[in-house]
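Undergrad: Questions regarding the structure given below will be posed in turn.
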């Protein structure tokens, strides 16, 4: 196509309006037209990455194939577009400042006074252009975290102003705002949108397209009013009404010609509207599913759904491909005990023992693992969930009553989960775990091999602790098989009990690899087993 086109997505009025979903939807529509598209997220916080953030603070920490701990929006980008993102797709203010300060310490600025403008803004601009320059994408969509008016966002908005001036028709700004409905007056109010756009204009950025989040349809007069007072064309005012699923949003945007408006404004041919056949097939299959499969998620962050966002989406996708709707029941591992486990888990079709860190709520995960093993309920343990399945097995089948992970009990005599050798000398917490995609070889006579239908796989990891190979023989002899092994480190990646319907734990995070059009085979297999329970 020639020069890379840059689309900036900003937000106003309120946070959590769905900039990530709009960015993903734009990306999906452009991708469907044959363009090579990627999406990046700029987060205005000063952490280097979200790896050390509490899930209650920031939701799930997503992991890219190259081992970067990233914002959960990258999960949306990958699920919608079926692409793989990298460290370059998620930048924080902390990383920007660290890069500039490191350059200053090296003497790269030749003794100049380092300032927000031009040094910080130049570093932001360099990172915006990096993906286009290095990988020759046709479109780079850049989502700016936060809300217009936040102090933290100012350097990013100044960078957008400069880039729009420098790139001309090759840069475009989509601004997402909220149109509230006042029930007392039975009226939609556009004033917050007008003020948000005015705030953006005061910073030198004129939005080219407005996407209005709303719970009610916006009539033509209201759209004309917004267009007039915000200096945008009428066809550039698009509504984003509440949908039953986020996966409907690309179709809703396509119906209003959002992708066509973008192409026109960037001087590109519009051509035929792509049919999005497989995407529509997925949505039709989802809508036509009448039966429900009930899955319990046992974890310590269950009050906040975003803490397990990728798992929820993976279960939802897998259920669709099994022609089912999925009902999720959240079970707090902190409050799960032998006395109430039957009430909590006895009626469900399957159980996911969620990942996590630390000892809080760990005993409840052991209770869940024991109950589902003894009652032959399909069970999927992920990362710490897999470790809990192994510890429970050691305690109640092998007879090691004090079996534990070194993470939870440094004095345990039976450390069936041990710290990885290369982690022993590490003291810093941020970005130091075993992160990213690693190879795994599957045993052919296993349920996981049946699911994957291939022997060599690659999956993403985020952990410091591993299954202790000193116990492997005892586990195997007692019935828990180690069926997935890393060929380089001999690390146990997957355990399963083949005599049970579906009792599998993975040290890796399969949820990071599941997409709308290619659901993860383990989740599909798990849901199928849960249906057959």
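Heads up, the Cβ atoms here are built off N, Cα and C, so glycines get one too.
Quick paste of what Swiss-Prot says about this protein:
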ACT_SITE  383  active site, nucleophile
ACT_SITE  509  active site
ACT_SITE  511  active site
BINDING   15, 150, 151, 152, 189, 190, 191, 192, 193, 194, 225  CTP binding site
BINDING   15, 189, 190, 191, 192, 193, 194, 225  UTP binding site
BINDING   16, 17, 18, 19, 20, 21, 73  ATP binding site
BINDING   56, 356, 384, 385, 386, 387, 407, 464  L-glutamine binding site
BINDING   73, 143  Mg(2+) binding site
DOMAIN    301-533  domain 'Glutamine amidotransferase type-1'
REGION    1-268  region 'Amidoligase domain'
Undergrad: What other residues of the same chain, not counting 16, 17, 18, 19, 20, 21, 73, have a CB atom within 8 A of the CB centroid of the ATP site?
TA: 11, 22, 23, 76, 143, 176
Undergrad: Once the chains shown are all counted, how many other Cβ atoms turn up within 10 Å of the Cβ of residue 21 (ATP binding site)?
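TA: Taking every protein chain into account, the count is 21.
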Undergrad: Out of 190, 193, 194, 387, which has the highest number of nearby Cβ atoms, where nearby means within 10 Å of its Cβ, if these are the binding-site residues?
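TA: Sorting the candidates by Cβ neighbours within 10 Å, the top entry is 387.
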Undergrad: Count the Cβ atoms, other than its own, that fall within 10 Å of the Cβ of residue 225 (CTP binding site), considering every protein chain shown.
TA: 16
Undergrad: What Cα-Cα separation, expressed in whole Å, is found between residue 386 (L-glutamine binding site) and residue 509 (active site)?
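TA: Cα to Cα, residue 386 (L-glutamine binding site) and residue 509 (active site) are separated by 10 Å.
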Undergrad: Across the listed ATP-binding residues, 16, 17, 18, 19, 20, 21, 73, what is the farthest Cα to Cα distance, given in whole Å?
TA: 12
Undergrad: So which of the recorded positions is most packed in, judged by how many other Cβ atoms lie within 10 Å of its Cβ, out of 189, 191, 464, 509?
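TA: The residue with the densest Cβ neighbourhood is 509.
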Undergrad: For residue 17 (ATP binding site), write down the residues of its own chain that are at least 6 apart in sequence and whose Cβ falls under 8 Å from its Cβ; none is a fine answer.
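TA: Within the chain, residue 17 (ATP binding site) has Cβ neighbours under 8 Å at 11, 176, 177, 178, 213.
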Undergrad: Tell me the Cα distance separating residue 19 (ATP binding site) from residue 193 (CTP binding site), rounded to the nearest angstrom.
TA: 15
Undergrad: Rounded to a whole angstrom, what is the C-alpha distance between residue 192 (UTP binding site) and residue 143 (Mg(2+) binding site)?
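TA: Cα-Cα distance, residue 192 (UTP binding site) to residue 143 (Mg(2+) binding site): 21 Å.
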Undergrad: Considering all pairs of residues in 15, 150, 151, 152, 189, 190, 191, 192, 193, 194, 225, annotated in the record as contacting CTP, what is the maximal C-alpha distance expressed in whole angstrom?
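TA: Comparing all Cα pairs, the maximum is 30 Å.
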